[in-house]
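**Q** What Swiss-Prot lists as active site, proton acceptor is Glu88. The ATP binding site annotation in Swiss-Prot covers Ser9, Ala10, Met11, Asn12, Ala13, Gly14, Lys15, Ser16, Asp87, Glu88, Cys89, Gln90, and the record cites sequence analysis as its basis. Residues annotated as Zn(2+) binding site in Swiss-Prot, with sequence analysis given as evidence: Cys145, Cys147, Cys182, His185.
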Amino acid sequence: MAQLYFYYSAMNAGKSTSLLQSSYNYRERGMNTLVMTASIDDRYGKGKVASRIGIESDAQVFSSHDNLIEMITAAHQENHLSCVLVDECQFLSKEQVKQLTYIVDKIDIPVLCYGLRTDFQGELFSGSHYLLAWADKLVELKTICHCGRKANMVVRLDGEGKVMREGEQVAIGGNESYESVCRKHFREFIWD
């Protein structure tokens, strides 16, 4: 029986690496996967999922208005899918998370979602909110703060490396723009 998984973490915990490894494991056994990523994140090129350790895969891109049932069923009819893997799932809409539950419940294809839990102000992303509510399995991927504690929050940095307290929820960037920190340091940077 298929399930909906949400693998979440702060930045730099290996979410994309884990997604690419899972896809590889299926493919190595002769099974087809569909790798998807949000169109808003084009750091590694449009239609690519890439890891900081240097591995990458082509991916089908989705925007917040796309119907994932249509996209996935079309891919399933073309290549019988054994698994769907979604990177940057924090950018999913509520309706799209609901559509992924349909893929799992009605079409019986496992869906593995990978993304951030919260933004740089400690607020849930929409996709993460509904995945936390509706996923069958929640898996936290861990990374560490500069102090050695588990990092479960993210802070945004300006061009000079200073922590930003305000701004748009979504600003695409990597290590130059974000730092994963523990809640204690998040509190010092953002709340205090």
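Numbers here mean position along the shown chain, with the first residue as 1.
Placed from the backbone N, Cα and C atoms, the Cβ positions cover glycine too.
Give me the structural setting of these features: burial, nearby parts and distances.
**A** Take the CB of Glu88 (active site, proton acceptor) and look out to 10 A: across all protein chains shown you find 27 other CB atoms. Under the DSSP three-state reduction, Glu88 (active site, proton acceptor) is assigned to coil, being neither helix nor strand.
Mapped onto three states, the DSSP output places His185 (Zn(2+) binding site) in helix. Listed in sequence order, Cys145, His146, Cys147, Met153, Val155 are the same-chain residues at least 6 apart in sequence whose CB falls under 8 Å from the CB of His185 (Zn(2+) binding site).
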**Q** Including all protein chains shown, what's the count of other C-beta atoms within 10 A of the C-beta of Ser9 (ATP binding site)?
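**A** Around Ser9 (ATP binding site), other Cβ atoms within 10 Å: 23.
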**Q** In the three-state scheme derived from DSSP, which category covers Cys147 (Zn(2+) binding site)?
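**A** In three-state terms, Cys147 (Zn(2+) binding site) counts as coil.
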**Q** Would you mind reading off the Cα separation of Cys182 (Zn(2+) binding site) from Ser9 (ATP binding site), to the nearest angstrom?
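**A** Answer for this pair: 12 Å between alpha carbons.
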**Q** Roughly how many Å separate the Cα of Met11 (ATP binding site) from that of Glu88 (active site, proton acceptor), to the nearest whole number?
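**A** Here the two Cα atoms are 11 Å apart.
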